[in-house]
Amino acid sequence: MLIKKVELVKTAFKPGDYPEPVKREVAFAGRSNVGKSTLLNTLFQRKLAHTSSKPGKTRSINFYLVNSKYYFVDLPGYGFASASKQELARWKELIEDYFSTRDNLNLVTILMDSRHPMQKNDYKMLEWIKDYSIPFIVVLTKTDKLSGNELKKMIQIYEKELKLWGSPPIIPFSAKTRRGLNELLKILIP
């Protein structure tokens, strides 16, 4: 399935400021600078989500209408160390409200950097998703920066860690080489 049409339809800075929950939603979550916006732009086949080399650029929840059928939802990155405690609390409130109020949220796509093991904030995100009983998949980003053996080793580490959360699908992805793109699209747009 291809993404033929996409548009940013809503940017939410506060809880409840979302579009009507009438379309299937897929949320994208991950640490700051893990490549959420880059992944979305690769899926969209154009630069619609703003990318930056500075972590913490996405500070709102952005709703993209895809093929007039689905919302792809870009969540703020978590774990950005230089954000103020007040801003971190606001982001936490925004994401918790989103998870707890969106009955049409069918899947969370958690992005993790393939070069590093899971971090404390990744575990917190997994606990949130578990608490809300939301299905999820894991996308390992930046796989082009690892050798084949290094990637294989990291996938094994992630598989072992994720057994505690029901062994979700793990998709190795690279925006540069487009590795994993077709596999991901099959899951996101059934």
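Don't overthink the numbers, they just go from 1 along the chain as shown.
Cβ coordinates are placed from backbone N, Cα and C, and glycine is handled just like the others.
What Swiss-Prot says about this protein:
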type	residues	note
DOMAIN	22-190	domain 'EngB-type G'
BINDING	30-37, 56-60, 74-77, 141-144, 173-175	GTP binding site
BINDING	S37, T58	Mg(2+) binding site
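You'll find the Cα of K142 (GTP binding site) roughly 13 Å from the Cα of S37 (Mg(2+) binding site).
Taking CA atoms as the reference points, S37 (Mg(2+) binding site) and S60 (GTP binding site) are 12 Å apart. DSSP assigns G30 (GTP binding site) to a strand segment in the three-state reduction. Within the set of binding-site residues (K36, K142), the lowest number of other Cβ atoms found within 10 Å of a Cβ is recorded at K142. The Cβ of S37 (Mg(2+) binding site) has 22 neighbouring Cβ atoms from other residues within 10 Å, across all protein chains displayed. Of all the binding-site residues given, namely N33, S60, the one with the smallest number of surrounding CB atoms inside 10 A is S60.
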